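K.L.:
A single structure is presented below for examination.
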């Protein structure tokens, strides 16, 4: 008996979204995707009941935009449980600990059930760790009853996120819930930092948080135009126009690189003369390497802060990471240990002040993104061997090649595209962070690749003779 078969008795109690009986029209998919997004946004605004306080250091502060989470609300954990569970199971499957054949329907059902069950468990575990860390107040202050209520709310929200993601992935909507929530959170953050009407008290006087609004405010209120332009482009207390221009530059660069691909000519074995092509993109694995790398860093950050609060003098805890309260927002920043060397570079000054940190961080991001990209194609059914098998099942062959030569031909492109794409994603993230792009380099890259993917999906749906009207 295989490990997955142990889940058979639990299938009846694990919630599941049934696959649609017939393909959904594009207008229905757009509607359901919109409703899903509306539910997510509502959950981002519903505060957790029983919380004593939500101020103070935030273990998820550096990753909230990427994790599509919102502090003190039902979306406290965001997509962290489902992404972490998926990463763990894909890894166990890749190393052979869990045997799964995705072409067998029962294996596919059991694997999806295992991922959902593990995501529920991760939501409970992360919720308990969050409560224990004192994020909502001392456990003696909030009481056992409120602590249980908070845990139930976080678990319920984790179940909701998992089911919404499954509903979209099974064909009721467009894309996946994870991608939709990340893109929404990142886009919301960029728009807010550009147009926020909140006022700030600075040494230069009252300014607006939003970079664009502040630009016009300074032009109309400052008598010295050059001074107004200087504050608009170079202020450090809030987002400035340089940050916004860097964001637009990175977005344009990612869109440009999305067009790099190799077209493999295909010929049908069923219908003579029918030819087509299969595109192998530079970003072959899309944003998957960045999501996995970000989730890994987030879990290290969370565990490190949790342990450092309780055991500051322990040698191994300090080796994992030491933390210090920042001057802004009361958040903690890593100043030593593994967590510090995994923290992003904020600007050129960081490189000059600590070149060792810069070198280690660049090597870490580039290596992990490249490694995860190559590893992902092996466990996700996108390797050269898997693609060749799909061609054979669909009675398609590469033009001018025999069936036995297809794997060798594809092996010259797919692994290279996956690794180079992962490395490019990592380098673009680093460049975006150094340039000071709004949010984070990781968040911008995720949002652009996700929205670009939605654009391609939307176009494909329309191409399949489905009208949105």
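Including glycine, each Cβ sits where the backbone N, Cα and C put it.
What TrEMBL lists as domain 'Translocon Sec61/SecY plug' is 38-72. Taken from TrEMBL, the feature transmembrane segment applies to 30-52, 77-98, 110-132, 144-164, 244-262, 282-303, 358-377, 407-428, 434-455.
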K.L.:
Among the recorded stretches 30-52, 77-98, 282-303, which has the greatest number of Cβ pairs closer than 8 Å to the transmembrane segment (144-164)?
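P.N.:
By the under-8 Å Cβ criterion, the transmembrane segment (144-164) pairs most with 30-52.
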K.L.:
Against which stretches of its own chain does the transmembrane segment (434-455) lie, if we need a Cβ under 8 Å and a gap of at least six residues from its ends?
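P.N.:
Here the qualifying positions are 62, 65-66, 174-175, 179-180, 182-183, 185-187, 189-190, 193-194, 211, 239, 242-244, 246-247, 249-251, 254-255, 258, 283, 286-287, 290-291, 294, 344-348, 350-351, 425, 428.
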K.L.:
Quick one: average pLDDT across the domain 'Translocon Sec61/SecY plug' (38-72), no decimals.
P.N.:
78
K.L.:
Before we move on, state whether the transmembrane segment (358-377) and the transmembrane segment (407-428) share at least 3 Cβ pairs under 8 Å, counting only pairs 6 or more apart in sequence.
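P.N.:
The answer is yes, given that the two segments have at least 3 Cβ pairs within the 8 Å cut-off.
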